[in-house]
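Input: a single structure, listed below in structure tokens.
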Amino acid sequence: LPLLLEATLLRLASGSHHPFYNGFYYNHIMNDKGNGQDKVVYFNGAKLVVETPKDPVYSSNGANVTLPCRYRYEPDLEAKRKIRIKWSKLRDDYTKEQDVLVAIGKTYMAFGDFRGRAHLHQAGRREASLVVSDVRLQDDGRYRCEVIDGLEDESDVVDLRLQGLVFPYQPPHGQYRLNFHEAERACQEQGAILATFHQLFQAWSEGLDWCNAGWLADGTVQYPIRLPRKPCGGLHLAPGIRSYGPRHRHLHRFDAFCFSSALKGEVFYLDRPDGMTLEEAKQSCQDKGAEIARVGQLYSAWKFLGLDRCDAGWLADGSVRYPIARPRANCGPAEPGVRSFGFPSKGRFGVFCYKER
């Protein structure tokens, strides 16, 4: 990019965006004629309107997705204009927005994790849609499409939701041992990320009931209850998401709610007649050109691929679990789910392996 244009793009990306209707400041002038009615005068003689879908856009891990955004003028302007476009991602904890992409004309620059994965789709007239390739778990969230025409600046927001699932996670050393940052790492080590409140609420609406409190991505601690009971907030409370609110991210300790999406590969089961230790299980997966599966990968294979195996197997964190899609006798409770034997210090089991396609 020419140095001047690159500097302009960087300034555009780093500029703050007012959380309220910023058009009052420079989109138009209010002329009070003293009759109680204000006349709006736009600098370009037309009102700039930005539109995105009201319904969420759904995608999955590893896919490509387009976030639609279009703009227009009221009344319409026929003249060609050099429009500036900025896409940013809104953070769950309401801190500064994350820059995704800025563009002037056909020249654009993507930032951070979106570099090399984001570009504009401008096939139609006055289109400012964002294309994100190789979607990642962290891409789930709300995006702002901002269009700048001279002194006019308007925006709208679109939701990107990944098709996935939430699972509770406790580390090997027991319940309520993770501060916020340790919970983040624990989910990442299991092929997942900390869940958002929206993701936890969706999981609750689909039947998740869990009485242990866990960290969410915004630093709050919550837990989903479908069947009210005494140890879980009391019998008098209605079903719903119980919340402890924001907690101290270093001092307070809880479990974690992790979010995982569809897999790029497959999970399969290996066994020996006399079972395997954890180290033997890891080696068996490597011998098959795979790696021992993580907890998030097992949950994803169960949820999205219908993995059903009534045999316990090692996972990468040292836990022993098995997935049941079709409940039956001698395979645990009557509901589908991933069963857990905890973290046995010794014992011989099969193993679940994961291999990229």
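Backbone N, Cα and C atoms are what each Cβ position is placed from, and that goes for glycine too.
Some features that TrEMBL has for this protein:
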{"type": "DOMAIN", "residues": "47-158", "note": "domain 'Ig-like'"}
{"type": "DOMAIN", "residues": "165-260", "note": "domain 'Link'"}
{"type": "DISULFID", "residues": "C211-C232", "note": "disulfide bond"}
{"type": "DOMAIN", "residues": "266-355", "note": "domain 'Link'"}
{"type": "DISULFID", "residues": "C310-C331", "note": "disulfide bond"}
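Positions of TrEMBL features highlighted on the structure.
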{"residue": "C211", "record": "disulfide bond", "Cβ neighbours (10 Å)": "14"}
{"residue": "C232", "record": "disulfide bond", "Cβ neighbours (10 Å)": "19"}
{"residue": "C310", "record": "disulfide bond", "Cβ neighbours (10 Å)": "15"}
{"residue": "C331", "record": "disulfide bond", "Cβ neighbours (10 Å)": "15"}
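When the domain 'Ig-like' (47-158) is classified with DSSP, helix, strand and coil residues number 6 helix, 59 strand, 47 coil. The CA atom of C310 (disulfide bond) is located 30 Å away from the CA atom of C232 (disulfide bond).
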